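The block underneath contains the structure these notes are about, expressed in structure tokens.
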């Protein structure tokens, strides 16, 4: 009976999206329906996560067809902490959007498309078979294609073209990988694939397939293949930029973690060093981006790229500590990047400028805003006791155990550069000078202050309650790095030769 609740985090947003299509002219009802739905979704996800932590993973077999023949949803520590975190930030993002009163965007069913994107994101975390992961990716991407073009500006359309082309190529590669893998192992269920690949051992065909998935998911995660990201994020409004930054690349990172711990772990002599190399390249280019630009929205976009490098570096260490740190940092980064883009969006709103050298005098108007900015910088930099610290320490530990001293050095350097680029914005906000004149600021709306306050509290809470979060991420790491344990807890009836 409890397993039936596993469909609700995806079903509730889907039903709400359909209802909102017919309520586009009633903003008040739409607001309460959406926020109520996502709040309930977050609570249900958290309850399921608590149950899984105390007992065992939950599976839901649709239509009474057990794995590997039927569609299966899996609620384990990894999937449910991702669903809970994603549902929480989506709730805040939509509260932010309704607070802005985006009436023009509502005519294009903006809330519905955000919910459809949420369905794809949450479904990607919950599904336990390869084809349905592809379906969820396509739902997510179709909704994102619409959202990225809603403004109808030339800049958005140009960014959308790059975004669409690269993601279509990624989807083709994903589908090609699915076909080749099914031909090779004859199944699409995760646990069944893991068992059969383990029985096959080292195989050139499987290695080629794993490389195809690596490229496909790298395009989704902006790992090296990030050309679409800075331009796309820079032209979006604040809530959509926060939504994309918090979730879109993280789904790709999640898929990389799930695939290259559980499914293709026996090919780590090739894949994991390649992942570490790609992570290093991503970190370096991201660091160059945050230094090169004066546009604060593009600086924020390159911060996303750096964080993806951190996460995948942890995965590339192929150690328990590194993978555990990657999962922790992945969860943390969803919240922190939401906070970053809300702060950057608020800066643009209250000052009217996107170039940091034109920001000055904010200290006199909004001193508490500066406190939120500093906390965000420390969280991104991994300064104790804030939320970025535990994940980075574990990734450091994993890199040391793996002997990846170059990756470790690059992570330290790029972390400092990431902090420097944000402190540079902070300096101009408080001590900068624009021809000796003070910028005429708008007042930060109360709803923005409330949402920023909630995110700041959560960032601090993650750092303080790190042992609780690490307990979840450690369980997730243990389950996904042991295919035998995964089979025992998820699908004990399956055998490799079935």
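Every residue, even glycine, has its Cβ placed from backbone N, Cα and C.
Residues or ranges marked as transmembrane segment by Swiss-Prot: 2-22, 78-98, 108-128, 130-150, 161-181, 209-229, 240-260, 271-291, 308-328, 330-350, 369-389, 451-471 (among others).
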- For the transmembrane segment (330-350), the distant same-chain contacts (Cβ-Cβ under 8 Å, at least six residues beyond its ends) come to 81-82, 85-86, 88-89, 92-93, 96, 237-239, 241-242, 245-247, 250, 253-254, 257, 296-297, 299-300, 303-304, 307, 311, 359, 362, 365-366, 369, 372-373, 376, 379-380, 387-388, 391, 425, 429, 441-444, 448, 451-452, 455-456, 458-459, 462, 469, 473
- Message: Check for me, if you would, whether the transmembrane segment (308-328) reaches the transmembrane segment (271-291) - at least 3 Cβ pairs under 8 Å, residues 6 or more apart in sequence.
- Response: yes
- Message: Restricting to CB pairs under 8 Å, which listed stretch, 2-22, 161-181, 240-260, is in contact most with the transmembrane segment (209-229)?
- Response: 161-181
- Criterion met for the transmembrane segment (240-260) and the transmembrane segment (451-471) (at least three Cβ pairs under 8 Å): no
- Item | Residues from the same chain, set at least six apart from the ends of the transmembrane segment (369-389), whose C-beta lies under 8 A from its own | 303, 307, 329, 332-333, 335-336, 339-340, 343, 346, 362-363, 415-416, 418-419, 422-423, 425-426, 429-430, 444, 452-453, 456, 459-460, 462-464, 466
- Note: vs the transmembrane segment (2-22), the recorded stretch with the largest number of Cβ pairs under 8 Å from 108-128, 130-150, 451-471 is 108-128
- Task: Please work out which recorded stretch in 108-128, 161-181, 271-291 has the most C-beta pairs separated by under 8 angstroms from the transmembrane segment (78-98)?
- Result: 108-128
- Item | Beyond the flanks of the transmembrane segment (451-471) by at least 6 residues, Cβ under 8 Å | 53, 81, 88, 92, 95-96, 99, 324, 328, 331-332, 335-336, 338-339, 342-343, 346, 369, 371-372, 375-376, 379, 384-390
- Note on the structure: With the cut-off at Cβ under 8 Å and a gap of six or more residues from its ends, the chain residues touching the transmembrane segment (108-128) are 6, 9-10, 13-14, 16-18, 20-21, 24, 30, 34, 37-38, 41, 59, 67, 71-75, 79-80, 82-83, 86-87, 90, 93-94, 97, 102, 135-144, 146-147, 150, 189-191, 243, 247, 251, 254-255, 490
